[in-house]
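J.: Here it is, the structure in full.
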Amino acid sequence: MSPIVTFSAVDKFYGSFQVLRGIDLEVARGEVVVVIGASGSGKSTLIRCVNGLEMYQRGRLVVDGYDMPNAEDRELVGEKGLADIRKGVGMVFQQFNLFPHKTVLENIALAPVRVRKKSRHEAEATARRLLARVGLESQAAKYPAQLSGGQQQRVAIARSLAMEPHVMLFDEPTSALDPEMVGEVLDVMRELAAEGMTMMIVTHEMGFAREVADRVVYIDRGSILEVGSPQAIFDTPQNERTQMFLSRVLKH
Amino acid sequence: MTAWPLRWARRNLFATPLDGALSLLVIPTGLWLIYALAVWACRDAQWSVLGDSMRVMMVGVYPADALWRAWTAAVILAALAGATVGLVVKDDPFALLGGAALGILVCASLLAGRDLADAGWAAVACLAAAAGWLAMAKLPATRRALPLAWLLGFALAGGIFAGPGFDAWGGLLLSIILTIAVSALTLPLGILLALGRQSRIASLRICCTAYIEVFRAVPLILVVYWVWIVVPLLLPDLSVSGVVRGVVGYTVFFCAYVAEYVRSGLQAVPRGQVEAARSLGMGTWTLNTQVVLPQAIKVVIPALVGNMLDIFNAATLVFIIGLTDFLRAGQMILADPRFGNLTYEVYAFLFLVYFAIGSLITFTARSLEGSLATGR
């Protein structure tokens, strides 16, 4: 089966500053890829390209069979074609980004009703099922501000799942959480991985990466320096800079 | 131990020598002013002029046999206004006392005019306001119906009031209806302009920006005058009444301001909200109507209410295009030789009414600000 995400020699610039350098990466269906690297290395930018929140200038990026338009194409066509791709690509953010003026249930049911044109009844039934799955069935009528960070992030995951995505992107999903709430979010993600969801995860949780990842990608200054199984990356890193990075983050 | 008034005065009025000197200057002057005003109001002023001219000040030269139309419109608007206040003020005792005092004052002043029918209508209007307030403050379920109630109620009130034709409109009721109509029309137009200013379609963006900048740079009265002159040029066969031309002129002008308020609200919505909505595959329409605008509008509601006060105060300028608004009606009364020497009485009344309505609007805006800041 063809890979669901394919980067071929992708370059991205902010002005004259190059953020991504010649990225080549394939993600197979059902695979869990964890992207690690120092802050500012371009790892968030990398996964934000997958659903078009960031534009790339050169190379080719194919997501779920769609050719993602590059920056030049985007100037011409705008966001229009991207909406179709995004329906199938879920994204979970560091800051949750729940809609503060809508209840938990409305947050989850909004896109299925408005984008997938499901009936409200059906969308809310699905939303309740997803809430139960992330352990928050009793919170449906609350507003995001009434929930803890961990609960909000679990709602955000349910909101993405409601669109029945083919691939889920996680952009540092636990970085904004108090330490005691990290576990509940990772548990939900662990379950998703076990069910065979394709996932691209940017995280600093190395223990989680080792446990869940099929492959780990180490990115440094916009280039992918090393890709391999968790064991290969964490136990026997080949690249000198990977070794330095891991020795820094694994110390504590 | 000193009694608390003394301590309060020590701390607040005589804390420093300069403070003390200013207090000694301001307090006696203030007391003397209040005394002089009270003497004038209670002894010298001839308030009977108000009773005799109340009808003109409220509805201008509206035909007397159609007065029930004006009163019905006033009752509907009072109910809607009461309901709107009830949205933000639920059980603030001072506000309620103030509202009740205002109602009693209105009825009493009409009774003093010895017109029982008018006093009765005024009482009905006050009761309608109270009922609207009660419904909104005590039955949260009615809240969702408020926008619809405004739309239908305002259309109904306008329709009934317009029975003898728009040209008959005048007085305070004209000022109020003008304010509401302009406020209601500028909101959607302002939102469209604000969104247009952010559009990635260059022609749309440039047009909207130009519109906003042009109308913010010119005086209101120029725009109103200009519309008044241009409308008959564009529609030579149609006689468009002065009221409609006034509403169009004010709307053309004020929607530029609303657009800028809305734009500041749009900028207050975090980028992550747009990214989250885009990530869920939402198109621009859904993104704006479901995610961005509800949050943006909520941020700028106090500013928009303040804008409404600006519209109300600026509505005094419609006399330039020949309409008889509240202020103009007062001046008309003074033009009557019988009342010519009662300038102070009439202007004091105008001042009080403008102050009462303006305070009500700013008070609502501030309460909204408070409740929106603390609530969700």
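In case you wondered, yes, glycine gets a Cβ from its N, Cα and C as well.
On a predicted model such as this, the values are computed, not experimentally measured, just so you know.
Here's the feature list from TrEMBL:
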type     : residues  : note
TRANSMEM : B:21-41   : transmembrane segment
TRANSMEM : B:66-89   : transmembrane segment
TRANSMEM : B:94-113  : transmembrane segment
TRANSMEM : B:119-136 : transmembrane segment
TRANSMEM : B:148-166 : transmembrane segment
TRANSMEM : B:172-196 : transmembrane segment
DOMAIN   : B:172-365 : domain 'ABC transmembrane type-1'
TRANSMEM : B:208-231 : transmembrane segment
TRANSMEM : B:346-368 : transmembrane segment
J.: State the residues, same chain only, that lie 6 or more residues beyond the ends of the transmembrane segment (B:208-231) and have a CB under 8 A from a CB inside it; answer 'none' if no residue qualifies.
T.: 193-194, 196-197, 199, 240, 242, 245-246, 248-250, 252-253, 255-257, 259-260, 314, 317-318, 320-321
J.: Take a look at B:21-41, B:148-166, B:172-196, B:346-368 and tell me which one has the most Cβ pairs under 8 Å to the transmembrane segment (B:66-89).
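T.: Per the Cβ under 8 Å count, B:148-166.
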J.: Residue list, the transmembrane segment (B:346-368) vs rest of chain: Cβ under 8 Å, 6 or more residues beyond ends.
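T.: Here the qualifying positions are 41, 45, 49-50, 53, 57, 84-85, 88-89, 92, 95, 102, 172, 176, 301-302, 305-306, 308-309, 312-313, 326-327, 330, 333-334, 339.
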